[in-house]
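The block underneath contains the structure these notes are about, expressed in structure tokens.
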Amino acid sequence: MATLTVPAAVPPVAEDCEQLRKAFKGWGTNEKLIISILAHRDAAQRRAIRRAYAEAYGEELLRALNDEIHGKFERAVIQWTLDPAERDAVLANEEARKWHPGGRALVEIACTRTPSQLFAAKQAYHERFKRSLEEDVAAHITGDYRKLLVPLVTVYRYDGPEVNTSLAHSEAKILHGKIHDKAYSDDEIIRILTTRSKAQLLATFNSYNDQFGHPITKDLKADPKDEFLGTLRAIIRCFTCPDRYFEKVIRLALGGMGTDENSLTRIITTRAEVDLKLIKEAYQKRNSVPLERAVAKDTTRDYEDILLALLGAE
């Protein structure tokens, strides 16, 4: 399901470090050399390169990259080079501090990672920012969004397959009643969405569909301009159909007035080692255009090159 391509014979870490050092020195930066190495190494290999580079040259690789490359290309390379948990911590911090109601990074991190991955991201957050993610979300986000997002990032969900079908049936009724009353930020809706396991939630959403004849997300489209309803739908779609959720984020990033590079970069860098192949298939099915072609049309130069490399383009 990943699109990351790693060569069959990976060079020694010392050689990768030497080549990266070479890319930074001399007349101008060799961006293509940077891409040829970092965009074709998995998380463990990138971690080893960062460690060896610091030992060999007395400088953090990320600092060297910051000094040598810039703009959206720099953002893509840095996000990709970070450990997955570290990357999630950085993305979560950025969104919490610059919160706006259409933000989706916190929802994605809370709902498409495993419980252990979310826990690792929160540990990385402690180490990097000397605060907890929960306290920053509570400090920077207000109202119904704070009421929803603080427990969403706090929870350590059960990750097993067990399901209580009678509970799913009763909680589907609770959700339907609250949504019918337009009580979208009711404690019961938030309790169910922020505490139940993924398997239990899927059973509840299926029961909702069976009992009321349509998906729960349809009832949450009462006001398409209501961003809080959009956030609830995003949470549900991250659990029920993450590939189609991410496809839509990419489609909107590429389809508006100007490209939303931050969203495009976030999805490609966070999913390239996970399920980007499925997202590409969903994009092709929905738009009748390969995702690589759409990205190439809307991006340029080194930024285009690293995204295409992470998409697995030949």
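Even glycines carry a Cβ here, placed using N, Cα and C.
Taken from TrEMBL, the feature Ca(2+) 1 binding site applies to Phe24, Gly26, Gly28, Glu68, Gly258, Ala296, Thr299, Glu304. Neighbour density for Thr299 (Ca(2+) 1 binding site): within 10 A of its CB lie 22 other CB atoms from the protein chains shown.
Using a 10 Å radius centred on the Cβ of Asp298 (Ca(2+) 3 binding site) and all shown protein chains, the other Cβ atoms total 17. Here TrEMBL flags Asp298 as Ca(2+) 3 binding site.
Here the CA atom of Asp298 (Ca(2+) 3 binding site) lies 8 Å from the CA atom of Gly258 (Ca(2+) 1 binding site). For the pair formed by Glu68 (Ca(2+) 1 binding site) and Asp298 (Ca(2+) 3 binding site), distance between Cα atoms is given as 24 Å, rounded to the nearest Å.
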